[in-house]
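*Asks:* Here it is, the structure, as structure tokens.
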């Protein structure tokens, strides 16, 4: 449908690109004029542009001369004079879009000249990269252009002091990673003094490798968490039980969704093993959860593919980059289940103090732009969620890479044999080869096979990313064979060594199709940079995960009927189309999942914005007296309306309950009597009680200085808001975990989540008002009161891997007894534990 509409009305991004061609003509027309200027005159142009903006001009009014100035500065500082196509890319970024530029086309330079224009407003511009190495490298190389033109530059990275971060954010241009920006935002909304904040209002962000950050990591939440004490015995017991279960008989596993669930027989075994009547009883929720997570750890999570064990710890492997994500933990107890599975020490779970996804963080910027080599396949998502068009920028030189059709083998062994033979043949000629794998396991299989053939090679995967830049740099040299997991080394160009062009350039060999076409395109794009020669080809088998998930059984049966050998490939455009169709289906599923996550996240986003805005008002306010008085009035109104509703006659009102609450929470023991309340209308009751409460409040204030009282109120309010918000995050998270079950009752889970979430938020606000009122009236005003954090938090990145953003939940801790050696075994066999599953313990 979208394609048909485009044929009729045209692609808006391409229309804009044609308009931009005319603007580029104007920029190029100023080239000679800029060359005549001295360095000082060129620098003074920045002051001139800023003055025009202060007088009311817009960035669009000055974009042509500003780009011309930045272009000339790049030529003088770096000896890199931007091409015409790079100016087209810079304009796309200036307009808040995504510039899709092929590998080696100079995206970083494009971003630099576009950012110069945005930075002229003086509101702070963030250049976002995926890791600290790239942020530092770009600042050292390209940051000099900004400094040459009189702008300030800062680097924001992990481990800086508060003062260093404030200085970095105060600069005109700040280089940072996406993680650090998100964590700083969360930390800023947990500070106890406004002076402790580091970020300015979010103005403009330019995201490098935008698809990686806004698509691949969109569902991964950034979390500030605090540890919580929890017994870990149950993880071990669930792990011991799950080990004896049999597939299909006791549980089922769906490879498409990676979901595992117990069968009726499995449930019966669990009930016998743990000596309970009903596993699905409310009091066994925690046990059920532990069994399910342990089952997932054993069946759906694979060592050296989803995670590795290093130094006695389970370390997650990023499914998109193949890198180890140290410090990041699977949430919702899955990490603990993996620790139990691997026989490691089970660590404590944590409580969420603050959380945000990249989707919601980056949508808060006034203006957003991005660069990548592959975004067109996700154009719909960028437009619908972030309001950005993908503009495909032409290459400076035509692409000379040959993309060969896929080769499909019957078995995985046949495929790997063919891969190694092809590498051996190319290696004899001296032509460099880059082998792309989808996980650590595959890279090590290929590596072992090459070692047996005595072919020297480098392996670039999650286990040795420290040498990444060095390995990638040499990957284009004569005779180099490099095995890389997915897009390890992204952001670093592979340049051809001497004599390689004559051999045909770099050959990229993919050992498996990724579920996303974009990731495959990134791998292909490693060859043929800036018009270089090169080639690419994918080797597939009917046993590959993508093929298995989307019905390769018929094709495999056909190959067997034809009597095809394991090492005999099919090279057919029909098969390639089938693979692409499968990829489109997976991409569609993933987009739908991200869209659904965003719809649920939007509920929390709205609530978070309200809380953070009100918290900021508390921090900035010198006098909270009016706010406190309003909270007291609201509390009184609520108590009266609850116990004395107008729907009942006065004789049925519970005046005793009103008096008990008011005396216990807001006044002294005999502050108000039931007798005083009798015979009054609801409004009169509210007026009388409010008058008494406010009189007591003013009397308390008179006992201390006004300054002491105001600080006392601020401390109480910050502590209460932070504690209640922390609990609310947890409750909303628990609500979200089970909300999908409402669909069985013909209710829309999203609508139910919104409705119940709103009610819970309203209840939290009421609790804040009541608690603040109580503490202000009942607590003793202390001298030199110090503001303290409710809980000490640390930044963590839970993985989205099949968990979306399920954060660690706090549930009631129930006692789980140790299994004695002579007790019945938990597997339900009827034998003693010591003679069954505990025999080797």
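Residue positions begin at 1 at the first shown residue.
Here the Cβ of each residue, glycine as well, is placed from N, Cα and C on the backbone.
In case it's useful when we look at the structure, here is the feature table from Swiss-Prot:
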BINDING   86, 104, 105, 106, 107, 108, 493  ATP binding site
REGION    788-822  region 'Disordered'
BINDING   825, 827, 836, 837  Zn(2+) binding site
*Asks:* Might you list, by sequence position, any residue in that chain lying six or more from residue 86 (ATP binding site) with a Cβ less than 8 Å away from its Cβ?
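*Replies:* Result: 105, 106, 109, 110, 113, 396.
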*Asks:* How many other Cβ atoms sit within 10 Å of the Cβ of residue 106 (ATP binding site)?
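*Replies:* There are 19 of them.
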*Asks:* Can you tell me the three-state DSSP label for residue 86 (ATP binding site)?
*Replies:* helix
*Asks:* Other than 86, 104, 105, 106, 107, 108, 493, which residues of the same chain sit close to ATP? List them in sequence order, counting a residue when its Cβ is within 8 Å of the Cβ centroid of the site.
*Replies:* 101, 103, 109, 110
*Asks:* Which residues does residue 104 (ATP binding site) neighbour through Cβ under 8 Å, counting only same-chain ones at least six apart?
*Replies:* 493, 529, 530, 532
*Asks:* What kind of secondary structure is residue 108 (ATP binding site) part of, going by DSSP in three states?
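*Replies:* Reduced to three states, the DSSP call for residue 108 (ATP binding site) is helix.
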*Asks:* Near the Cβ of residue 107 (ATP binding site), how many other Cβ atoms are there if near means within 10 Å?
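*Replies:* So the Cβ neighbour count for residue 107 (ATP binding site) comes to 23.
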*Asks:* Taking each of the binding-site residues 105, 493 in turn and counting other Cβ atoms within 10 Å of its Cβ, which one has the fewest?
*Replies:* 493
*Asks:* Determine the Cβ neighbour count for residue 108 (ATP binding site): the number of other Cβ atoms within 10 Å of its Cβ.
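*Replies:* That number is 17.
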*Asks:* Checking the spread of the ATP site as listed (86, 104, 105, 106, 107, 108, 493): what is the longest Cα-Cα distance, in whole Å?
*Replies:* 17
